[in-house]
Amino acid sequence: MATEEIHSLYDTILILDFGSQYSHLITRRCRELNVYCEMLPCTQKISDLSWKPKGVILSGSPYSVYAPDAPHVDPEVFTLGVPILGICYGLQEIARVHGGTVDAHTHREYGYAKIEVVKTGKKEQDALFEGIEMEADGGLQVWMSHGDQLTSLPPNFVTIASTPTSPYTAVAHESKPIYGVQFHPEVSHSPKGKEVIAAFVKNVCSVRDGWSMESFIPKEIARIRQICGEKGQVIGAVSGGVDSTVAAKLMHEAIGDRFHAIMVDNGVLRKDEAKKVHKMLTVDLGVNLTVVDASELFLARLKGVEDPERKRKIIGNTFIEVFEAEAAKLEAAAEKELAEKGGEAKGKIEWLLQGTLYPDVIESISFKGPSATIKTHHNVGGLLEDMKLKLIEPLRELFKDEVRALGRLLNIPEHLVGRHPFPGPGLAIRILGEVTREQIAILQHADDIYIEEVRAAGLYDQISQAFVALLPVKAVGVAGDARTYDQVVAVRAVSTEDFMTADWFVFPPQVLKRISSRITNEVKGVNRVVYDITSKPPGTVEWL
């Protein structure tokens, strides 16, 4: 049987991103409805797609549709013959293509608004709001975020919702399944928004809602076995984080001991991390694991380096070098076994496992237009450039919460599935300044105390990510009767659904007091603790 691609396994909704801060939420809402969807940049040429979507959603955008540099969709999308939903800018783009008028409006709408649904009496035109219960006053609360709006309907379109200041809040084509809404149904501030999206993807597009982690496991295991064959071997880097652990366990379930995990100790891991990961993967999960201690090499190359991008490149390049050397040993052993045992031996090592997630893919997309690469992700690209291996990424289509759900279904213990994310470059990007053994030891100790206190307070599972950053500043303090001049650490904790946006976590004051007291008393060289209360955006989760 030929390898089945995901689009042949699941009906797919195509989301075309025009750079909206909410675009990823459209994807999340579809996934929550057990509908598979994929987001691509708005510049995507439809003729280049190897698959046909069941429907298309056009996202919002910070641009004005009539601006000279405004992004525009490939007109071929309207010849696919599938349902289309435009959200905010997407509505305006539909109007532009079909001959409507969009202008800057004197009364901009930002925040909550109440829309009135207009029934046309025709099933296809009314489908977007069909079955949605209105509020007591007959309206529907939604979230607006637009300065431009549709001022004249395109030919053959009708109004299906309005507000006092926006007469064309939602529109539908008279005879084709093309819809547009000026509000944002994907955000939580539109209470019935998910139902609007459900009406489009399920009722209008008739998508089969087969996307779930329960259905994903057997299909992905079958796909892996088909790719690797009966004897093909796979190597993969693991860190002890959720992504690589779940990927390793899934691979082990598919091909057993033909999967070889490699952990590279780069010297900037969490306290005792290498020992903990070795036990976790080998004893608890039964995965073949080799741990390579390359800390001396990494730290030597990081000496004197302060720039975060240089740190990333040094760690990334050194990791590749060390990983390739260890992989070569495993490949040589496989070749030797093949020569000695012939047909009874396992096959060659042909594949490289990576735990890439869908947010990595989204944030790594770079194109001319409203979206741009936010930062280089260590999971995307780089490792295969010098290796004669083919890439296998079983988690590439998944969000973090889906990966955790997958891990639970694979019977990975909760304390492993629930671990907070840890960056590929490790503590090097949590040390603002030069990375030295002394700085690493300080940060490891402070971070260990912080996480211990968060767990003790019963808050760990309520927080999406928590860590300590070591700042490149010193502050005056008092210890006993003596003046101190020591370093400052920042503690960070965020809550998020998918790490595309995040809010800072509100700790009880007594917990923060305990954290600060323990760190300043127990960590030599630190006399001040600050708490980071920055959301994403405008900040990122990590400091560097």
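Each residue, glycine too, has its Cβ placed from N, Cα and C.
Given the structure is predicted, the values throughout are model-derived calculations rather than measurements.
What Swiss-Prot says about this one:
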- CYS88: active site, nucleophile (ACT_SITE)
- HIS184: active site (ACT_SITE)
- GLU186: active site (ACT_SITE)
- SER239, GLY240, GLY241, VAL242, ASP243, SER244, THR245: ATP binding site (BINDING)
- ARG312, ASP481, LYS536, GLU542: XMP binding site (BINDING)
- 211-419: domain 'GMPS ATP-PPase' (DOMAIN)
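Taking Cα separation as the measure, GLY241 (ATP binding site) is nearest to GLU542 of the recorded positions HIS184, ASP481, GLU542. Here the recorded positions are CYS88, VAL242, and the one with the most other Cβ atoms within 10 Å of its Cβ is CYS88. For HIS184 (active site), the nearest neighbour among the listed binding-site residues (GLY240, ASP243, SER244, ARG312, GLU542), judged by C-alpha distance, is GLU542. Among the recorded positions GLU186, ASP481, the residue whose Cβ has the fewest other Cβ atoms within 10 Å is ASP481. Between the C-alpha atoms of CYS88 (active site, nucleophile) and GLU186 (active site), the distance comes to 11 Å.
On its own chain, LYS536 (XMP binding site) has VAL494, THR496, THR501, ALA502 as residues at least 6 apart in sequence with a Cβ closer than 8 Å to its own Cβ. Apart from the site residues SER239, GLY240, GLY241, VAL242, ASP243, SER244, THR245, the chain places the Cβ of VAL238, VAL246, ALA247, GLY355, ARG419, PHE422 no farther than 8 Å from the centroid of the site's Cβ atoms, the recorded ATP location.
Of all the recorded positions in the record (GLU186, ASP481, GLU542), the one with the smallest CA separation from ASP243 (ATP binding site) is GLU542. Distances between the Cα of GLU542 (XMP binding site) and those of the recorded positions GLU186, SER239, THR245 are shortest for SER239. Put simply, ARG312 is the one of the recorded positions GLU186, ARG312, ASP481 whose Cα lies nearest to the Cα of SER239 (ATP binding site). Nearest neighbour of GLU186 (active site) by Cα distance, taken over the binding-site residues GLY240, VAL242, THR245, ARG312: VAL242. Neighbour list (SER244 (ATP binding site), Cβ cut-off 8 Å, at least 6 residues apart, same chain): GLY236, ALA237, VAL238, GLY355. Neighbour density for GLY241 (ATP binding site): within 10 A of its CB lie 19 other CB atoms from the protein chains shown. Reduced to three states, the DSSP call for SER244 (ATP binding site) is helix.
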